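Asks: Sharing a structure, written as structure tokens. Questions coming.
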Amino acid sequence: MSVFEFVLSIAVPILIAIYTVNVTIWYWKRRNRLAAVGSGLLALLGAGFSIGYFTMRVLL
Amino acid sequence: MSDQSTDGKGVVLRTGRVGTVELAALLTVYGSTDIFLSFPSRLAEHSAQGAFFTPLLSAVLMLAALFVVFLLQRSVAKRNWLESLDETLTPYLTMPLALALSCYFLLQTALNAREFSETIITTVLPATPTSIIILLLLLTVFYYAMAGYEGLTRVSILLGGVMLVGLIVLTLLPMTWFRRELLFPILGNGPLALAKSGFRNTGEFPQLLLIMILAATLRNHKHTLRVGIMSISFSAVIMSVVLLVFIGTFASAVTGTVPFPMYQLARVIYVGRYVQRLESVFVFLWISAAVIKLGFGLWLTGYLYAHAFRMPLYRPLLPMFIVLIYVLAFLPPDLPTVQMLYANYFEKYSWIVTLALPVGLALIARFIQWIKSRRHRKKKRGSGKGDEESRESGTARARSGFRKGVLR
């Protein structure tokens, strides 16, 4: 796996997931529970799906 | 730039206001960008020589649906459709609806991104890896969607004009190859097949759905219907003209073997030594249209998702949606799979989202409003009787000397 591929497929989704989790915490602190659930779900789905997919692609 | 804020009552997504022509340009470009891809080829294969009637038939159907929706729900012209559905139906129903629409636009944007990048590889950059092309395309799209709704509409009006001029040039110059006999039999596979194809093709006209969602953002609400009519008609005419020139120029058009009709049309241009092979013009038009289409698709995905979860902001969601689009774009192994997915799922069932959903929900909302107003009238009549009784007793008391002054 080249550095470019690693950055693109693993590091970028992790960084964006951290950012989205941060947004989730921000919503949670502002007592907007539904919005927090929404952004948390998106972080989980997006990061899980992309990291899982690219890991599978590298492994297989 | 658009602003977003919360109001006292709850969370409201603010997008800014746009003009009539700006929104019409955005919806026209969004609706007609597919002509740069393999869509005309698939349509020609389906409806044979009569394919150029199909967009016109679909547009007539969509215009009828637009009038029906506006007759059923007058509030559609002024308010966000999802917000008014929140009131007439329930938020528990609009939330999954907004989520489903967000998923629909996400999948469509991902497939479009893949098809555009594959087209770039096939036509101009054969040695570049797909990941690099999709990455660069999505970075531009991300910047574009972050600029917001007003930015999207303004760029559309600028590029819309250029695109229109370019399309006119690209459809007029190959006329040296145009042969009228290729257009016959003019009804293709027959009127019934044409009608079926016209109905199925309504999925290519998302303007009705979009105008219902975005009506509240118009500066002048009196022009909402006008925006719908303009965008649907312009898209239909553009698609129809391109199909007409395509079928009249290539004998193999109806076999579906020409993968990118607009690109092929630009390639065959030969008007003397100095005006020939204008695919460079085509590539410019096509990339700008792709960026508008993908940018607006991403913006819609974020906007609808934020609306579903009552978020005050949609911009923080866009980076994660870009990652999702990137991954989803890579799921189909090659271009034929992408085209198969389009033909078998999106083109077959999109009419449910673009035609049946708005009309069906407008009918339901109208029915509920009618029931509510009937109940309200009954209540009013009941309370009206009570008022009359109290008024009568009041006058009787006044006659018998029970006045303010007398009592004092």
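Backbone N, Cα and C define each Cβ position, glycine as well.
Just so you know, TrEMBL annotations are computer predictions that nobody has curated.
Per TrEMBL, the features are:
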type	residues	note
COMPBIAS	B:384-394	compositional bias 'Basic and acidic residues'
REGION	B:378-408	region 'Disordered'
TRANSMEM	B:21-39	transmembrane segment
TRANSMEM	B:51-72	transmembrane segment
TRANSMEM	B:92-111	transmembrane segment
TRANSMEM	B:123-145	transmembrane segment
TRANSMEM	B:157-178	transmembrane segment
TRANSMEM	B:198-218	transmembrane segment
TRANSMEM	B:230-254	transmembrane segment
TRANSMEM	B:283-306	transmembrane segment
TRANSMEM	B:313-331	transmembrane segment
TRANSMEM	B:351-371	transmembrane segment
Asks: When you scan the chain for residues with a C-beta under 8 Å from the transmembrane segment (B:92-111), skipping those not six or more beyond its ends, what do you find?
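Replies: Contacts with the transmembrane segment (B:92-111): 82, 85-86, 209, 294, 297-298, 300-302, 304-305, 307-309, 321, 324-325, 328-329, 331-332, 338, 341-342, 346, 353, 361.
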Asks: Take the C-beta pairs under 8 A between the transmembrane segment (B:283-306) and each of B:51-72, B:123-145, B:157-178, B:351-371. Which stretch has the highest count?
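Replies: Looking only at B:51-72, B:123-145, B:157-178, B:351-371, the most contacts with the transmembrane segment (B:283-306) come from B:123-145.
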Asks: Residue list, the transmembrane segment (B:51-72) vs rest of chain: Cβ under 8 Å, 6 or more residues beyond ends.
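Replies: Sequence-remote neighbours of the transmembrane segment (B:51-72) are 40, 43-44, 187-188, 194-195, 197-199, 201-202, 204-205, 207-208, 211-212, 224-225, 228-229, 232-233, 235-236, 239-241, 243-244, 247, 254, 354-355, 358-359, 362-363, 365-366.
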Asks: Looking only at the recorded stretches B:123-145, B:157-178, B:198-218, B:230-254, B:313-331, which one has the largest tally of CB-CB distances under 8 Å to the transmembrane segment (B:351-371)?
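Replies: Against the transmembrane segment (B:351-371), the leading stretch is B:198-218.
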Asks: Taking the transmembrane segment (B:21-39) as the first stretch and the transmembrane segment (B:198-218) as the second, find out whether 3 or more Cβ pairs fall under 8 Å, excluding pairs closer than 6 in sequence.
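Replies: In this chain the transmembrane segment (B:21-39) contacts the transmembrane segment (B:198-218) - 3 or more Cβ pairs sit under 8 Å.
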Asks: Counting a contact as 3 or more Cβ pairs under 8 Å, with residues at least 6 apart in sequence, do the transmembrane segment (B:230-254) and the transmembrane segment (B:123-145) touch?
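Replies: No, the stretches stay apart by this measure.
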Asks: When you look at the transmembrane segment (B:123-145) alongside the transmembrane segment (B:313-331), do they share 3+ Cβ pairs under 8 Å, ignoring any pair fewer than 6 residues apart in sequence?
Replies: yes
